[in-house]
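Novice: Okay, here's the structure, questions in a sec.
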Amino acid sequence: MAFAGTTQKCMACDKTVYLVDKLTADNRVYHKACFRCHHCKGTLKLSNYNSFEGVLYCRPHFDQNFKRTGSLEKSFEGTPKIGKPDRPLEGERPAGTKVSNMFGGTREKCVGCDKTVYPIEKVSVNGTLYHKSCFKCTHGGCTISPSNYIAHEGKLYCKHHHIQLIKEKGNLSQLEGGGENAAKDKVVAA
């Protein structure tokens, strides 16, 4: 006897959902693996999801994008807690009326990928913003941190690769504080 599937289709992938992999939320059927946050693609559970117009979100991204509490207490860490004036300041353009402006979020862009940086994934170094995943060594892709990196001519390096590259070029004056490019280097160590 062959195993029979249901006639129900997954709302996310539109493929047949078998009983062993069936998950029902908001009267909609999903595969367990397809039950993911639209924003971060994280796996959801029935106890930790929200939906808006049939689109699934984890609680943090739902709150960030849709929740209007009238209070800034729920804002993500790093989000400015300064209210905007009711009318534009002199010389300032009024806010757009696009539908996208109705939703929360930010217009801050990552210098690594030029995509929007949300407060929960933001790394800020000297006023420059990065995603956590974009804040890495330019040469080797190594993980670096805001407290331990070298910025050289606008690029980020781990200490190991920066020293290696300078040795290959035969010019250590930048590391010792001499030379005309010394002002372009910033070494940060914890």
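Placed from the backbone N, Cα and C atoms, the Cβ positions cover glycine too.
Pasting the feature list from Swiss-Prot:
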type	residues	note
COMPBIAS	83-95	compositional bias 'Basic and acidic residues'
DOMAIN	8-68	domain 'LIM zinc-binding 1'
DOMAIN	108-168	domain 'LIM zinc-binding 2'
MOD_RES	Ala2	N-acetylalanine
REGION	74-98	region 'Disordered'
Novice: Just give the helix, strand and coil counts over the domain 'LIM zinc-binding 2' (108-168), going by DSSP.
Specialist: 13 helix, 21 strand, 27 coil
Novice: Given the model, what does the mean pLDDT over the domain 'LIM zinc-binding 1' (8-68) come out as?
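Specialist: Overall, the domain 'LIM zinc-binding 1' (8-68) comes to a mean pLDDT of 87.
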